[in-house]
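Feature annotations, courtesy of Swiss-Prot:
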DISULFID  C69-C87  disulfide bond
DISULFID  C75-C95  disulfide bond
DISULFID  C89-C102  disulfide bond
SIGNAL    1-23  signal peptide
Amino acid sequence: MWARAVLCAALLSVMCLAGCTEAERDERDVQDYPYKSNRMLGALHEDVEQLEMNRMNALEKRYGQIRSCDVGEPCAIRKGSRMGKKCECPQGASCNRLLLKCL
């Protein structure tokens with residue numbers, strides 16, 4: 001009989017301790033919510049910007065149009081022996097193959 005009472009008391013004390021830590025955990029989650037939501041919103045914003053840039057590049061590829069760039073702006077990319085055109089230089093300027101800029 002005493003063993004049952006001791007066992008019940010031990011079980012109740014363990015359950016009370018577990019309930020307290022869960023409540024504290026919930027309180028910490030509520031306090032950390034603004035920080036976590038701001039971080040998630042920042043990551044989502046970066047993803048949306050990246051998707052918009054990719055969509056713009058897809059439109060340029062589809063219609064075969066290359067955007068125009070200003071003088072002094074990089075106009076080409078070199079990867080090994082190959083060169084790729086990033087943008088079209090304005091009239092009167094040309095893309096320098098050494099500097100990869102509109103001059």
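Every residue, even glycine, has its Cβ placed from backbone N, Cα and C.
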To see if you understand the setup: which same-chain residues, six or more apart in sequence, place their Cβ under 8 Å from that of C69 (disulfide bond)?
C75, K86, C87, E88, C89, P90, C102
Its Cβ having more other Cβ atoms within 10 Å than any other among the disulfide-bonded residues C87, C89, the winner is C89
Using other CB atoms within 10 angstroms as the count, which residue among the disulfide-bonded residues C75, C95, C102 scores least?
C95
DSSP three-state assignment (helix, strand or coil) for C95 (disulfide bond)
strand
In which DSSP state, out of helix, strand and coil, do we find C102 (disulfide bond)?
strand
